[in-house]
Amino acid sequence: MAIERTFSMIKPDATKRNLTGAITKMLEDAGLRVVASKRVWMSRREAEGFYAVHKDRPFFGELVEFMSSGPTVVQVLEGENAIAKNREVMGATNPANAAEGTIRKVHALSIGENSVHGSDAPETAAEEIAYWFSGTEIVG
């Protein structure tokens with residue numbers, strides 16, 4: 001299996017509850033390694049740009065508002081099958097449907113405040129990583 005990188009974000013609902021360490025530990029315990037990490041407070045413009053793929057969806061305004069409401073922690077994770085592994089550890093988008101022991105089952109407040117975001121494919125991982133990090137910020 002090839003080592004790959006993925007993008008991960010700890011959302012404002014989780015950072016406001018001081019869950020950054022607990023969530024990062026869950027990711028690391030699953031075999032993922034943090035090779036870049038920074039805490040950012042998204043502007044509305046940054047949130048609109050990052051979530052541009054959803055701009056025509058009815059929840060877009062609420063999503064932008066939420067994502068710019070407090071700090072987030074953006075990370076690059078590395079490991080074997082990092083994209084699939086990160087998504088497995090995060091759990092289903094709706095915490096009610098998430099498997100026991102996943103980040104969203106343990107920490108999410110609702111489908112909207114679901115604590116984490118992760119890339120869903122190699123292409124989106126590359127785009128999302130590039131949105132927040134320059135190459136020199138990623139230290140393997």
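In case you wondered, yes, glycine gets a Cβ from its N, Cα and C as well.
Some features that Swiss-Prot has for this protein:
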type: ACT_SITE; residues: His117; note: active site, pros-phosphohistidine intermediate
type: BINDING; residues: Lys11, Phe59, Arg87, Thr93, Arg104, Asn114; note: ATP binding site
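A simple way to gauge crowding: the CB of Thr93 (ATP binding site) has 15 other CB atoms within 10 angstroms, across all the protein chains here. Annotation for Phe59 (ATP binding site): spatial neighbours Gly112, criterion Cβ-Cβ under 8 Å with sequence separation of six or more. With respect to their backbone Cα atoms, Lys11 (ATP binding site) and His117 (active site, pros-phosphohistidine intermediate) stand 7 Å from each other. Separating the Cα atoms of His117 (active site, pros-phosphohistidine intermediate) and Arg87 (ATP binding site) is a whole-number distance of 9 Å.
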